[in-house]
Amino acid sequence: MGAGHSHDHPGGNERSLKIALALTGTFLIAEVVGGVMTKSLALISDAAHMLTDTVALAIALAAIAIAKRPADKKRTFGYYRFEILAAAFNALLLFGVAIYILYEAYLRLKSPPQIESTGMFVVAVLGLIINLISMRMLSSGQSSSLNVKGAYLEVWSDLLGSVGVIAGAIIIRFTGWAWVDSAIAVLIGLWVLPRTWILLKSSLNVLLEGVPDDVDLAEVEKQILATPGVKSFHDLHIWALTSGKASLTVHVVNDTAVNPEMEVLPELKQMLADKFDITHVTIQFELAPCEQADAAQHFNASPALVGSKSLAAGGN
């Protein structure tokens, strides 16, 4: 038997995240106050969206800090799931906020209040500037850090919301159509809901230890089987500790003519890292399928001996 392990360490630009968080968090308060003073539901709904930016930035920072904490005897996998729990909470909170905004917009469409378009415009422009600065701060790190990239995309999407509010303020200023404010709030709410569902679904998938969305299980099975020295495999499991940190365990039945630890293991580890970005790998080698080969069917991840070369050949 043999086992292979490799570990990666998360990184990120903490300084950029801290500056972006300070800017976004400060303006979030200003936007809520501005929305209340100008009676603009569009501003308030955009502030709700900016709240997700603030939480996303905080999660990214927390994930970097927590990732530095070593695993202990109680949490042998470390503390990576904190990020996922926070993301799931963020999604549930967003659902509630978006539904409230849609309901409030429905009431306002029937009786639109007087909107202070000038104040609405000024606050939205300031929000646009804050988003542009935050994007600039995060742009350098978003290509190398998944956390920073997620925060960058949150800020980018909120920037579009600010543009919508600015357009609404201009329309109200020159036409007096107060209903436009509620209409824009509805659009922002409808835009946020699908993204919220995607975030919640992805979080639940990680918590349920499902196969990561960016990993093609069938292709992994195919590539394992194609590795020289592999006769078959079973008990294959792929899951993620957190976003971008996939793990894999598998039982491999190896050819008796090869040394599995010296010949097969390096090939499998290299292939999984290069093609699927799976770097935390545990492989058990066997000369014949163990008793867990039948039990593996209960997981429905890959039926026992789904990777037999005879089956693969018949499928071509």
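All positions are counted from 1 along the displayed chain.
Using the three backbone atoms N, Cα and C, a Cβ is placed for every residue, glycine included.
Since this is a predicted model, take the numbers as computed values, not measurements.
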Message: Quick check on GLY78 and ASP46: does Swiss-Prot annotate them with the same topological domain, i.e. the same side of the membrane?
response: no
Message: So if I exclude everything within five residues of the ends of the topological domain 'Periplasmic' (103-114), which remaining residues of that chain have a CB under 8 angstroms from its CBs? That is, six or more out.
response: 39, 41, 45, 178-179, 181-183, 185-186, 189
